[in-house]
Amino acid sequence: MTEGVGLPLWLLAELTYRCPLQCPYCSNPLDYAQHKNELTTQEWFDVFDQARQMGAVQLGFSGGEPLVRQDLEQLVAHAHQLGFYTNLITSGMGLTEQRISHLKQAGLDHIQISFQASDPVVNDALAGSKHAFEQKYEMCRLVKKYDYPMVLNFVIHRHNIDQIDKIIELCLELNADTVELAICQFYGWAFLNRQGLLPTQEQLIRAERITNEYREKLKAQNHPCKLIFVVPDYYEERPKACMNGWGKIFFTIAPDGMALPCHAARQLPISFPNVREQSLSKIWYESTGFNHFRGDAWMPEGCRSCPDKDRDFGGCRCQAYMLTGDASNADPVCGKSLYHQLIEQARAESEIDSSLGKLVFRNSRNSKQFTVQQNIPVQNIVDD
């Protein structure tokens, strides 16, 4: 199937699942600890070569924490030579002035640093790591020093959303150019912890109001900082156009070489190919995995005849699978879905008090335990 299939313009290279942090909202798979056979430097070079030949123009380096890879600078340099626009998506842990300097020399175009909270204590508690806030703060200053645009990302959830004003103030203190205030998206560990992370509707309305007030203040001051507020689809009545459609422009390569149409698709009961076994072109145009939800032939009636199908492409397949057990079902976010009550139930559960101590942190011990127990809830273990 090649007719009507677009180019894979955006390549996400998940270099590793290893990470020094333990964020309970991480989108990595719960069983990430069993996926250890990472692509080599040369194998990544080959992936980049093929993707560029196919028309890919933007390359994101992600993880896990991509800075764990000691060959990151080599990978960036190779991508730069090919003409990619390169973006490092990082927690800032493992970043040093020397590495920033080397990445700059290698041709890295963009660095996005994530924070957990504006308060150091809350930030480090959510990260499951001591001194994480201090490290991030210092790296932000160095990113500015090396003339990168300052792009900060905060995953917003019920434990930090009420400090949205302080979060924005921190970003202004750091001279951020762009701030993404993204309400938690519930995949991987975030889905496991959904009840403890989903903000209430009241919290969400307040946070968006405060963000809009800051936007007006910044506009009046002719301030360059741009605030982006990403709402959760759990409070919508129509689904998002996930990844702008399955297999339309987005290509993810997992650490072990599995090729995916989005970073959450690994959990689906679908066979996805590996770049060690097939070319990217064959994977993109011919593989069952990438063609599975292209077009509308797969859609159940109701979705197929819906006038919005060309806008939302049926919503998120991973979300449909996680909530209903069948990835072909209508995304339960949709108010027309037979499963919309599951979203309404999640909204109701957000009103139940939940402390940080009830969250399951993302670390290898919990991942291994989850893998062994296979869907039996894991204990809350925080690695020292």
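For all residues, glycine too, the Cβ spot is worked out from N, Cα and C.
Under the heading domain 'Radical SAM core', Swiss-Prot lists 5-220, citing sequence analysis as support. Sequence annotations record features per position, and here Swiss-Prot assigns [4Fe-4S] cluster binding site to Cys19, Cys23, Cys26 based on sequence analysis.
The C-beta environment of Cys26 ([4Fe-4S] cluster binding site), restricted to residues of the same chain at least 6 apart in sequence and closer than 8 Å, consists of Cys19, Gly188, Trp189, Ala190, Arg362. In three-state terms derived from DSSP, Cys26 ([4Fe-4S] cluster binding site) belongs to neither a helical nor a strand segment and is classed as coil. Excluding the listed site residues Cys19, Cys23, Cys26, the same chain places Leu21, Gln22, Tyr25, Asn28, Gly64, Glu65, Ser91, Trp189, Arg362 with Cβ atoms within 8 Å of the centre of the [4Fe-4S] cluster site Cβ atoms.
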